[in-house]
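Asker: Feature annotation from TrEMBL assigns transmembrane segment to A:12-37, A:57-83, A:95-122, A:134-153, A:185-203, A:241-263. TrEMBL lists A:57-260 with the feature domain 'ABC transmembrane type-1'.
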Amino acid sequence: MRQRRILPGFGLSMGITLCYVAVIVALPIGALVFKAASLGPEDYWRIVTSARALASYRVTVLSAAAATAFNLVFGLALAWALVRYQFPGRRLIDAMVDLPFALPTAVAGIALTTVFASNGWFGSFLASMNIKVVYTPLGIMVAMAFTSLPFIVRTVQPVLEDLDPALEEAAQSLGSSDLNIFRRVILPLLTPALLAGTSLAFARSLGEFGAIIFIAGNQPMETEITALLAFIRLEEYDYPAAAAIASVMLFAAFVMLAVTNYLQARALRYTAR
Amino acid sequence: MTSRKPPRVGDSPTFRRFLIAFVLIVGTLLIAAPLAVIFAQAFSKGWPTFASTIAHPDTRHAIFLTVVTALIAVPINTVFGIAAAWALTKFDFRGKRLLTILIELPFSISPIVAGVAYLFVYGLQGLFGPLLQSADIKILFALPGIVLASMFVTAPFVARELIPLMQAQGRDLEEAATSLGASGWRTFFYVTLPNIRWAMLYGIVLCNARLMGEFGAVSVVSGNIRGQTNTLPLHIELLYHDYQTVGAFAAASILTVLALVTIVAKVLLERQGAGRHHGSALAGPVAVSQDTTR
């Protein structure tokens, strides 16, 4: 490490950075943790393990898991098609994969609700098969799948692009079948990126709010996600409960951040980028 | 990439057709249909209804508030992003990893949690609430609160584009410039900025899109006062729950056009080489490589 700083601007740039991070990021998070901690262990435990809170964790985690599983399959298929095949509209689809990130979540929420409502384009068709999406956990999954779609595509895509064809050719020349090569050569190379994308998508689904509240119906115990429960407690002026539930979400976010960082570090090591 | 002389895995015509059909069908269902329904609903009562909804004072105020928020928050965010990237890539100091994590943290936190957290800083039951009230300063349920919450949610956007890029570019050019007698500002404007401008613009475009569309965090801190503290996404919710479906989708169509413009800008900037230094696209925590102990 150098002793002397050669370039100017350390004080200024560091000052701006620390001020911003302290005021905008650290202060509110600290205040939330402080508020939750000031509850006392018994009250805190009672709030975060209340039946309604537990039900909201279950709905959120299960829906996020289902949405992520869907995106794992569809995201991999989409990335594969975009990288390996030429077909009309390929570049348009490649660009539109980012739509769920660029489209405000409230807009996505009302659009998905309208499409899947029982009188909507898909909803009326699904209703004829007795499948109800809007105001059911299925609706939560659809909203989560939409908002987290780009993560897996965008983490797998570059790895798939950089894949050395020689590896496949070697396996082919040894007489291995396509399915076998995919399973034993390609999939292991994609796994780190797939895992990293999966954890990003899952984390995003856990915290999603805007897209979900329109389509979920928000029935306590059944279709109420944890983020909404925190919001409802605020509207009821039950600030301690809001703080406690938000702190559980914050804790889950930290866990997911640690998992994602670990997986991403692994993915970077494997792809040597 | 497309030379398919020896057929690669998955190149059999049947599988190809199946996979492309699968991707096109699911993609249409999941992405194209919601996009189309926004415009179909917005114009379902014809152009005059659409125009009169947009011209309604509450909608106009929501657009105005959203634009003002972006005009305040995006430039501050950009200055922060440049400062953070300069500090993290041009100098060696302890705690670099921790600082990077703190900068990227907002991407991992649910907007609702962010909104609740701001309430416990500036709200009446928060740290500074009583103090602010006695001084008669209004932060929550007013523009400052909306700006602050938006800044939290979008904090990492510019920094995360610049840090990996400036990391890769190293310090040699700037060191050469200063050793030849250029001032710090001159070095920045004539040496650094030309190299990072596309990445910076890329970060700004994404930051702006996210900021103008932010819903969860702003909905906690704004108080939803119609015609006063309703940003465009909040106004959409309000119209939608009032059963003014056409109005809600008309307002939504404005943000949808913004999203489409953002995607076009993103593609154009990627052609200039921006956005290449990390895998995932618009959001999500990206581990910044920290191999800077050179």
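Cβ atoms are placed via backbone N, Cα and C, with glycine included.
Give me the structural setting of these features: burial, nearby parts and distances.
Answerer: Residues 59, 62-64, 66-68, 70-72, 74-76, 78-79, 82, 97-98, 100-101, 105, 108-109, 112-113, 116-118, 120, 123, 194, 197-198, 200-202, 204-205, 208, 211-212, 214-217, 219, 222-223, 225 of the same chain, all 6+ positions outside the transmembrane segment (A:134-153), place their C-beta atoms under 8 angstroms from a C-beta of that stretch.
For the transmembrane segment (A:241-263), the residues of the chain that approach it from at least six positions outside its boundaries are 29, 32-33, 35-36, 39, 43-44, 47-48, 53, 57, 192, 195-196, 199-200, 202-203, 206-207, 226-227, 229-231, 233-234, judged by C-beta separation under 8 angstroms.
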Asker: By a Cβ-Cβ criterion of under 8 Å, what residues six or more beyond either terminus of the transmembrane segment (A:95-122) are in contact with it?
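Answerer: Answer is 78, 82, 132-134, 139, 142-143, 146-150, 153-154, 208-215.
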Asker: Could you tell me what the rest of the chain brings near the transmembrane segment (A:12-37), counting residues at least six beyond its ends with Cβ under 8 Å?
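Answerer: Distal contacts: 44, 239-240, 243-244, 246-247, 250.
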